[in-house]
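Participant: Let me begin by handing over the structure; questions about it come next.
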Amino acid sequence: MFSFFKKKSPPPEAQSQTAGLHEAALADMSPAANTAAPGAQTATTARQGWMDRLKAGLRKTGSNLTTVFTGTRIDDELYEELETALLMADSGVKATEYLLQDLKRRVKEAKATEPAQVKGLLADAIAELLQPLQKPLEIGAHHPTVIMVAGVNGAGKTTSIGKLTKHLADDGLSVLLAAADTFRAAAKEQLAVWADRNTVEIISQQGGDPAAVSFDAVTAGRARGRDVVLVDTAGRLPTQQHLMEELKKIKRVVQKADATAPHEVLLVIDGNTGQNALAQVKAFDETLGLTGLIVTKLDGTAKGGVLCAIARERPIPVYFIGVGEQLQDLETFDAREFAQALLS
Ligand SMILES: Nc1nc2c(ncn2[C@@H]2O[C@H](COP(=O)(O)OP(=O)(O)OP(=O)(O)O)[C@@H](O)[C@H]2O)c(=O)[nH]1
């Protein structure tokens, strides 16, 4: 299932041999991929299943927004209700103001007369606002690609790493997990369950230093020729200065094992925490320099608008979103799909 990852182009000499595979990989990447390719039908069906789960997951956020359009007139009251609904969805003041202005312009241009049309135009405005967040995770430019994963306690880091590992392994990529969460007793075991399940290796150290575990994992990943090294770090709050310093140290030590690493620094945020998640993005970005986000627990939350706030205030790519605890509940982020699911 290549739709999850964009693989970096191989060098020119290798390109001719792998052209078919590479083209297939890129062709399938888009959710709206051409259905003529072999296996594309299955991919389309899987994506449809995902769209249904996404719609169900975002229902709570979406229902507050869609009720705004049940009236018969496009008037100040409609825009005021919409403003409240966007703020309630944790879109934040900046994104809400931006969306309202953009929407009014679109309504004027389209000469819309029905609230239902305005709903469609809002979906367009949200999709365009979220577009900069849509970017595939690239694997293959480095061997191994080292991905460091951080986040506050309970955001869903370990679960997301497990799901990601499974998807990578399904794509034929070899994965080595670094259990650098040496604080939480069960974290290593939790990763080990995923490692067993996915037949991937895990590097851990009883009560060890997280930076040392990460160093060992990157070194082992290089020596063993693995495609990806995933580093799971312990949960921490951005206000815990010493723990934020520890993250910087892990990053520095990873760089010692491979001067080009980490190639990705991901933050996992719990979508349920709304504006707080935005504050986490800003704080972790300032400490670590984030390259991507994974937004979990968008199922059952009324705060899914936080993605609009992120797009407006700290547009870091959202590689994946999660709408449940099952493996298939983590998928690539698509701006238009998200906007459509929100306003369906
Ligand atoms: N509903 C829902 N639950 C999720 C999702 N992602 C993760 N979870 C659940 O959230 C809980 C915490 O997930 P973990 O992966 O242990 O979180 P963590 O960030 O590794 O936690 P710490 O290591 O304590 O910081 C678990 O019960 C997961 O099953 C999601 O997308 N939706």
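Quick reminder: no glycine exception, Cβ is built from N, Cα and C everywhere.
Note that the coordinates shown come from a computational prediction; the quantities given were computed from them, not determined experimentally.
OK, TrEMBL features for this one:
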REGION    1-21  region 'Disordered'
BINDING   151-158, 232-236, 296-299  GTP binding site
DOMAIN    317-330  domain 'SRP54-type proteins GTP-binding'
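Tell me about the surroundings of these features in the structure.
Facilitator: Annotation note: Leu298 (GTP binding site) sits in a coil segment as assigned by DSSP.
Listed by sequence, the residues of this chain that lie at least six past the ends of the domain 'SRP54-type proteins GTP-binding' (317-330) yet keep a Cβ under 8 A from its Cβ atoms are 46, 49-50, 53-54, 56-58, 132-137, 156, 159-160, 163-164, 166-167, 266, 271, 291-299, 307, 310, 338.
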Participant: Are any of the binding-site residues Gly151, Gly154, Lys157, Thr233, Arg236 near ligand 1, with a Cβ under 6 Å from it, and if so which?
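Facilitator: Only Gly151, Gly154, Lys157 qualify.
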Participant: Just to verify: the residue among Lys157, Arg236 with the fewest other Cβ atoms within 10 Å, which of the binding-site residues is it?
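Facilitator: It is Arg236 that, of the binding-site residues Lys157, Arg236, has the fewest other Cβ atoms within 10 Å.
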Participant: From the DSSP assignment alone, can you count helix, strand and coil residues within the domain 'SRP54-type proteins GTP-binding' (317-330)?
Facilitator: 3 helix, 6 strand, 5 coil
Participant: Among Gly151, Gly154, the binding-site residues in question, whose Cβ has the most other Cβ atoms within 10 Å in this structure?
Facilitator: Gly151
Participant: Average the per-residue pLDDT over the domain 'SRP54-type proteins GTP-binding' (317-330) and send me the rounded value.
Facilitator: 91
Participant: If you draw a 10 Å sphere on the Cβ of Thr233 (GTP binding site), how many other Cβ atoms land inside?
Facilitator: 28
